[in-house]
Amino acid sequence: MAKNIAKALLDIEAVSLSPNDLFTWSSGIKSPIYCDNRITLGYPEVRNAIRDGLIQLIKEHFSNVEIISGTATAGIPHAAYISEKMELPMNYVRSKSKSHGKQNQIEGAKSENKNVVVVEDLISTGGSSITAVEALEEAGANVLGVVAIFTYGLAKADETFNKAHIPFYTLSDYNELIEVAKDDGKISLNDIQTLVDWRDNLS
């Protein structure tokens, strides 16, 4: 499954590799990879494969889940697809509380005393995932873990999740993506070393 998802992300250009002309992330980090999983929403076959893959992860690792929770904004549609097929309640978590109305950070199903799985699109350092987890826990939820489409495989993410005592699972990862890109002739051996060095240095 990891290989198929990686290939799909590359084919629809939800993930782009550019070892010799770096992208600039919003954080300012210069990177040979750019990931925008929102593009998957425009490809029903891909988004359905993602939905079914994430459901498989949830059933395998978090079978006692009661609520599916999406991270705003990119995790929301995938959480919706999952909750619909699993026939489970859903909510979503903002990065911070609204400044008006009831100032809610969590919208949708009530999480108190419920087993919740958080759905992310992408894990880089894990910071946004854990922000959502902490908001849910403050609301009384029992967060079982996090599932996501893709991870860069940074050591920082492992540290972040381990510190919070929250497990996470992804459909595909950076290593798989590099392997697929190599097999498809999209990158050279020199490119592979550049990509590996970038990730290792960032970790």
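Each Cβ is built from the backbone N, Cα and C atoms, and glycine gets one as well.
Sequence annotations record features per position, and here Swiss-Prot assigns 5-phospho-alpha-D-ribose 1-diphosphate binding site to Arg94, Lys98, His100, Glu120, Asp121, Leu122, Ile123, Ser124, Thr125, Gly126, Gly127, Ser128 based on sequence analysis. Taking the Cβ of Ile123 (5-phospho-alpha-D-ribose 1-diphosphate binding site) as reference, residues of its chain lying under 8 Å away and at least six apart in sequence are, in sequence order, Ser129, Val146, Ala148, Phe150, Thr151, Tyr152, Ala157, Phe168, Thr170.
Sequence annotations record features per position, and here Swiss-Prot assigns orotate binding site to Ser124 based on sequence analysis. Around Ser124 (orotate binding site), a 10 Å sphere centred on its CB holds 22 further CB atoms from the protein chains shown.
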